[in-house]
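K.L.:
Supplied in structure tokens, the structure appears directly below.
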Amino acid sequence: VFIPVFYRLHLTSAYEYLELRFNKAVRVCGTVTFIFQMVIYMGVVLYAPSLALNAVTGFDLWLSVLTLGIVCTVYTALGGLKAVIWTDVFQTLVMFIGQLVVIIVGSAKVGGLGHVWEVASQHGLISGIVLDPDPFVRHTFWTLAFGGVFMMLSLYGVNQAQVQRYLSSRTEKAAVLSCYAVFPCQQLVLCMSCLIGLVMFVYYQEYAMSAQQAQAAPDQFVLYFVMDLLKDLPGLPGLFVACLFSGSLSTISSAFNSLATVTMEDLIRPWFPPFSEVQAIMLSRILAFGYGLLCLGMAYVSSQMGPVLQAALSIFGMVGGPLLGLFCLGMFFPCANPPGAIVGLLAGLIMAFWIGIGSIVSNMASGMAPSPHNISSFSLPSNLTTVTMTTLMPSTTLSKPTGLQHFYSLSYLWYSAHNSTTVVVVGLIVSLLTGGMRGRTLNPRTIYPVLPKLLALLPLSCQKRFHCTSYSQDLSVDTATFPEKMSNGMLKNGRDKEAMAVPEEGSAHQGNSPTFILQETSL
């Protein structure tokens, strides 16, 4: 749904869509929200793996942070999106190989994968399907099947770090296929991560754990385990460390690139005179370096946070839901207008931070901790998507909370669904109260016609109230030429007949916009 709309609009930044659909104010609000989300999160991503490496190997913490930040900043700024994508390919291979080595060697030492599964089952680490529909239960079938979908949409549907990959594809079909390819690969990586956890559990049932390991933080267990397991195999511990840092490099490089892109396209280009291609590339590189330094500073701030580090990690999840809701509001509801979008986004952010921070403070005050049994639910592939998120939000199912504590115990997987729904509902109410899109002209290509089809059987007067009478056209066709874009999704100089022409299916971008040159060659 999202990729065809973004791709056919010939966008560079996902937040450019918000200006086409609403106005510049909404675009700036979306961009600033995204920048806040990513800068906070990147500080944590830089700091966390370096902290784990320092605790286990004694490697200097800040030398590790500085090296990771500088290397990533340099190759992202100089190589741009192409460098990010190709290094991601290499880093993915390193992650696969590193995890596979640990699984093979570890399972061989404890008697095979069959024995690992048997011991894990005996200790209650393998759970079945939980069909409880209660959204306050941390992990259930419904939470994973529905709440998890919204969480993934916020990450892979509207986040600039992912959208920039889709938009760099040569054809729309290739962009869609690349999106489909993400999910089996992601599930495989998560399955392997969970299997490493089971192998580690069984390993320490048979081998003694040192006093230092017993006192280590949970995030450091795997590195201690790898050092124990592979200490007699030269080079393999280093391979796993490379696996660990490959994940960080992949995330950081994509974030630097996306931050520089949205700053350039959403905050600089619309307000300053046109840049030449050389000037745009140089400015983009400066922005990438600047964000690299800023994230290094945020890594230091993360080191001073202590227990509040979890709150910084939670910000990434809390902001993703409202942004998803903002795009859904604009794309699926023709009656939504700029005031509704801004008020809806603010309402979603307020609700997100209220529940998220309230949950953290409430659990810290009551001393609640995640349940080991709940964390180790490995029986379903869909359940595996939650394991890497167990440190993001504390479990809230160990007691029977009441009042606000019960409200704060909403499963973290429902956060995106709840917050995006808040944006849509509030945005629609405000839009209808302020006259909807009456008096404004919409570009039909900014609307995905779901609502018009759902309301097709209702009276025409009802459809007109939701402004759904003129958006039933088929959006499955592409355009060879897209007209010059203006605020509120308007077409300059009226309807452009050439924009309605239908080229061959799967054709590549034909536009000559310098933003695509920037994206392909620099950022």
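Each Cβ is built from the backbone N, Cα and C atoms, and glycine gets one as well.
Note: TrEMBL annotation is automatic and uncurated.
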K.L.:
Which residue range, 236-259, 452-475, is the one TrEMBL calls transmembrane segment?
P.N.:
236-259
K.L.:
Cβ under 8 Å to the transmembrane segment (28-49), counting only same-chain residues 6 or more beyond its ends: which ones?
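P.N.:
13, 15, 18, 64-65, 68-69, 159-161, 219, 244-245, 247-248, 251-252, 255-256, 258-259, 262-263, 266-267, 291, 294-303, 309, 312-313, 315-316, 319-320, 322-323, 326, 342, 345, 349.
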K.L.:
What residues in the same chain, six or more past the boundaries of the transmembrane segment (236-259), come closer than 8 Å to it by Cβ-Cβ distance?
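P.N.:
That would be 34-35, 38-39, 41-42, 45-46, 48-49, 52-53, 57, 68-69, 71-73, 75-77, 80-81, 83-84, 87-88, 90-92, 94-95, 97-99, 101-102, 105, 159-162, 164-165, 223, 226-227, 230, 287-288, 291-292, 295, 523.
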K.L.:
Cβ pairs under 8 Å with the transmembrane segment (412-435): which stretch of 61-81, 93-116, 136-158, 179-204, 280-302 has the most?
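P.N.:
Out of the listed stretches, 136-158 contacts the transmembrane segment (412-435) most.
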K.L.:
Please check if the transmembrane segment (179-204) comes into contact with the transmembrane segment (93-116), where contact means 3 or more CB pairs closer than 8 Å and the residues in each pair are separated by 6 or more positions.
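P.N.:
The transmembrane segment (93-116) and the transmembrane segment (179-204): touching, yes.
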K.L.:
Mind checking which residues reach the transmembrane segment (61-81)? Cβ under 8 Å, same chain, six or more beyond either end.
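P.N.:
Distant contacts of the transmembrane segment (61-81): 46-47, 49-51, 53-54, 87, 164-165, 168, 245, 248-249, 252-253, 256-257, 260, 284-285, 288-289, 291-293, 295-296, 299, 303, 519-523.
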